[in-house]
Amino acid sequence: MAKVTALIPCAGQGKRMGGSISKQYMEIFGRPLLAYTLDKFQGHSMIDEIILIPRREEIAYCDKEVVKKYGFTKVAALVPGGEERQDSVWRGLYALGEDTGWVVIHDGVRPLVTGSVISAALETAFLKGAAVVGVPVKDTVKRVNSDLTVSETPPRESLWLVQTPQVFRKDIVLNAYQKASRLGWRGTDDASLVERMGVKVQMVRGEYDNIKVTTPEDLILVRETVRGVR
Ligand SMILES: Nc1ccn([C@@H]2O[C@H](COP(=O)(O)OP(=O)(O)OP(=O)(O)O)[C@@H](O)[C@H]2O)c(=O)n1
Ligand SMILES: C[C@](O)(CO)[C@H](O)COP(=O)(O)O
């Protein structure tokens, strides 16, 4: 059976969070944020292994203070990340073993993802080859010019906010990243590179709470949610 490997990029600097320690290691009730994310993959029966992608200078810390300390036995490797998220994921893809058939990419700083969303993304990808999790926008969205005048109001019905996990058959995502590297394509998520290859990506309805911890107020929702399940 082809393995399902989760790639967890966690090599960001957390500039928008401020603070002196990387946000992925900020503590919530005494445990690092990254550990809450890893819980969801360690405990998921469809995930065979995890490849973690921390900053090069944080590899030893991540291994000792997160992987070993909390017993994340599914972590098969820690691979140094790159300059931007796309570079980090690319390095993770390089580290995949021959036996991996499916790749689940999930931000290390999205700790509120649920097991059922991971399952739905995987099941959809098994059928379609490529799947991303997202939610329909609730507010009206406007495109704005550099002088802040409004240029257009796109119809809301077709707009979704995209999250992770994003799940792909290995050859699909590898081909996309290889071509991106060759041609200098840049994308703010993994699926956008796959889309540029002409491959159809299926949207999977996720949950609004699956936030990317980006600025300090995001930690409040994480704390409150974690408090509720303790
Ligand atoms: N060079 C990078 C940049 C980001 N990430 C990861 O990609 C995810 C989403 O990135 P983001 O929230 O933007 O994190 P930061 O880059 O840390 O935030 P900022 O832009 O505020 O510095 C995070 O898990 C982050 O650690 C990564 O692995 N490598
Ligand atoms: C991949 C992502 O989380 C989907 O919403 C997002 O695009 C990452 O963006 P960032 O600028 O690296 O935070």
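Keep in mind that glycine also has a Cβ here, set from the backbone N, Cα and C atoms.
Just so it is clear, the model here is predicted, and its values are computed rather than measured.
Marked as site 'Transition state stabilizer' by TrEMBL: ARG16 (among others). Taking Cβ-Cβ distances under 8 Å and a sequence separation of 6 or more, the neighbours of ARG16 (site 'Transition state stabilizer') in its chain are THR214, THR215.
In the structure as shown, the Cβ atom of LYS23 (site 'Transition state stabilizer') sits within 10 Å of 25 other Cβ atoms. In the three-state DSSP scheme, LYS23 (site 'Transition state stabilizer') is classed as helix. Taken from TrEMBL, the feature site 'Transition state stabilizer' covers LYS23 (among others).
According to DSSP, ARG156 (site 'Positions MEP for the nucleophilic attack') is assigned to a helical segment. Annotated site 'Positions MEP for the nucleophilic attack' per TrEMBL: ARG156 (among others), in sequence order.
The site 'Positions MEP for the nucleophilic attack' annotation in TrEMBL covers LYS212 (among others). Using a 10 Å Cβ-Cβ cutoff, LYS212 (site 'Positions MEP for the nucleophilic attack') registers 15 neighbours.
Its Cβ taken as reference, ARG156 (site 'Positions MEP for the nucleophilic attack') is surrounded by 12 other Cβ atoms within 10 Å in the chains shown. Contact annotation for recorded sites (ARG16, ARG156, LYS212) versus ligand 2: LYS212, each with CB under 6 Å from a ligand atom.
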